[in-house]
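What Swiss-Prot says about this protein:
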ACT_SITE  438  active site
COMPBIAS  36-47  compositional bias 'Low complexity'
CARBOHYD  216  N-linked glycosylation site
CARBOHYD  224  N-linked glycosylation site
CARBOHYD  410  N-linked glycosylation site
CARBOHYD  481  N-linked glycosylation site
CARBOHYD  520  N-linked glycosylation site
CARBOHYD  578  N-linked glycosylation site
CARBOHYD  895  N-linked glycosylation site
CARBOHYD  991  N-linked glycosylation site
REGION    1-54  region 'Disordered'
REGION    508-527  region 'Disordered'
TOPO_DOM  1-150  topological domain 'Cytoplasmic'
TOPO_DOM  172-1048  topological domain 'Extracellular'
TRANSMEM  151-171  transmembrane segment
């Protein structure tokens, strides 16, 4: 998302707009002289320039980073004699058989015309070194660009070509045996064409209305709807152009995942991490309803939340706090409930960031001074089972919009990755809404449209607020010259309009000049009057539209209770020696209380730093576009000062340093410490988005030790943090009596904390992540890449199946506090586990159902005799993104040839698809799990009953054909499929429920397990497979407290 308006966003190093096949290109802005050239062939380094001789060897690589369920690839490794490898041999995805050893980058000069590239003859460098492979009888291409020195790459090409000859000879021989070695189990890199929306009955009526409306729009109006008007070129952070002839309004898109950003009279709800820590489905839904209502009252069409990416694979990831925790099922449930709540008020929700936006370092090139964004590399199985899981649940919840991520996935930008957007999102998961880019995440024009992107935000292309769009007028030109099919544009527009109808926004009051609707606030000023097109005015154009921009509609009234309840239930009690908590409101007099740490106080106020881009005072949210302008913030100190019923002596020490004399006479010591992080465009306190480590910040660990070692009474530690923190330096100190992980509580911070400290609310939060004893405990695949490791930074998620607690279980690592853990002020006992089979097991789901309805048919012809030029006398605002063309240059139909390979070979629909979220058979109930829960304590309280599944052991799949001798001498051989072991985590969360019980009360809770819950994604079969054998069902109150066990 964008930087705040007060801050000039840095520019990328490249201004020319270029378009190359999405899976054959380093991103367009890469202009390092070592890697790009204007010549027809790339200049290679002279091998006699003093370099040592190089050794070429093959490295065996297992797909997906494991030896299960994947074939083996051999990757050429160029090694400098006596030196390190010259490139980082990251495996782009589980589908690779071979990687090429060289790469020719786009050769367009930096000074080329910005507006070219849409089928009008842009010069390109020659492609070299591509390796050909067979997939389902078709030809595909793979590229890689890790070689650091091109002369080594040339040698590598020769070696690889020799290997290819041997490989193809082997393939030819194997085809005489059968088709098994056609590698049909390996999904293609590309997926075309983009599936049309409107094939599901739930959306059929909306698509019919949308198709009719779109059919009456001009080309200019259609492009308007797909392209933002530019940064600060409307009242919201994102604004689309209108279609005035059919009275379709400009849409307002506004952050975010914890409330309405840049708006007045709204609520600062606890963010996603705190919400996930409640494990309370009903409460999460209530929060979503309140957020949706506030958006509706403010005139927001599209709320840019919830966030389920990052998933929390990296515990130090800067934006983990925006999402709901480090497990795909927990994330999926919380996201789905939030979406249902938001959309119940007619506001479109946005599931973001699709997908694998796990770290802030190198997510955007201009933020880090590098040529291009990093690539998050993952295998097909982990992509489905971990990262895409919560998005599937969001689509099942009928989400209207999905936002694609900044970085690349498997070396293709997420916002033009056709396998992700067309193949997985729109086909396999049945997504019926529209895909929007994150702000400036679009990196190409033609390829992003063909790859599945439907809306470009904020409209500007490669730079902030420059008015130069990758779509806009260039999309108009591309449709006219037929380089982008008219059918694709029609589907893009219809998806957006259908979502508008689907949420009932056609019934909203129309914005001016037709009515008084639309956004009633400005993201750029708090004053009542202001400019409608702020960026134009800042560029010197005084025609940016002045008027009333803030109507100060009170949207947050009545939502404080919901915010407070979420914050309280999101507090996790992890230590409580001798029942230190809850505190008494009537302690004996005199009673001296010390409150320590700047995290306890208000300091300079909640909005002292724009987008909360600093750490001062109590920590109530992380920083970045996912936060809001707080209407107020109740600090812990303020709430505590009025919490006791009898007279007590409270002395605050709002610094992170303390002298023993300030502690030794206290009857109770409350210590506050925090750890902060946020989005990568803000650097604060030496933190560049991602945390540098998992320790408390600003001397928090030292402060806790000093207080705990000297306090005369018990010490209670309160931690406000964006994720797990390492507590080993103080957690076992005798003086540390109680510890609360209060996460990020939002505006009601102090009030919610007091509710739990004094027992007005039970301590019922549970950890949505694992607290390890060190950062290294989470595994090498969970570490942020802090130093650039290649021309295109590579992050390999080799252990992604083993995220968080799964990694601890796999390697038998003892955490400090496990996933799902949390103490209560009462006690609970689970008993009487009963598992009921609901239907017979079968290995595969039912066949994909046929389309429920026919999607709209579109006119595939470009418009004829339609005026696409700026109207005569039209005053074009500076920086505004228009769809009009200044001239007809480049609009003649052209034989565009730069399409990605496979574009003209339509893909077959996935057997895993067929409805919202996938094949409906995947969500059929296979088993019911019942358990009795009893409150055995003396207080009312809540607990979270958690169900985990262990998959059968010794699961195998048929692999590649291998030679097996028929006779003893081995002179005759046959080919048989190899047997490959399929690995699984020890156990995985599959369901949970939160239950409230009075003292002595018992209740039976019931949870279901679906086919998908009991299946794994087979990269070979490209489907969800339920293995034969017994499943172990575990039920308890955390991932390591599972007293009940049964079989299914």
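From the backbone N, Cα and C atoms, a Cβ is placed for every residue, glycine too.
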Point to revise | CB contacts for residue 410 (N-linked glycosylation site) [other CB atoms within 10 A, all chains] | key: 25
Check your understanding: Which residues does residue 216 (N-linked glycosylation site) neighbour through Cβ under 8 Å, counting only same-chain ones at least six apart?
Key -> 245, 246
Revision key, fill the gap. Counting Cβ atoms within 10 Å of each Cβ, the densest environment among the glycosylation sites 481, 520, 578, 895, 991 belongs to 520
Practice item. Restricting attention to the topological domain 'Extracellular' (172-1048), give the mean pLDDT. Key: 95
Review point. To the nearest whole angstrom, what is the C-alpha distance linking residue 578 (N-linked glycosylation site) and residue 991 (N-linked glycosylation site)?
Key: 33
Check your understanding: If one measures from the C-alpha of residue 481 (N-linked glycosylation site) to the C-alpha of residue 410 (N-linked glycosylation site), what distance in angstrom results, rounded to a whole number?
Key -> 31
Practice item. Give the helix, strand or coil assignment DSSP yields for residue 578 (N-linked glycosylation site). Key: helix
Revision key, fill the gap. Cβ contacts within 10 Å for the residue listed as 'active site', all chains included, total 25
Study note, to complete from the structure: Among the glycosylation sites listed as 224, 520, 991, the Cα nearest the Cα of residue 438 (active site) belongs to 224
Study note, to complete from the structure: Counted with DSSP (H/G/I as helix, E/B as strand, rest coil), the region 'Disordered' (508-527) has 0 helix, 0 strand, 20 coil
Practice item. Tally every other Cβ atom lying within 10 Å of the Cβ atom of residue 224 (N-linked glycosylation site). Key: 27
Study note, to complete from the structure: Here the glycosylation sites are 410, 520, 895, and the Cα closest to that of residue 991 (N-linked glycosylation site) is found at 410
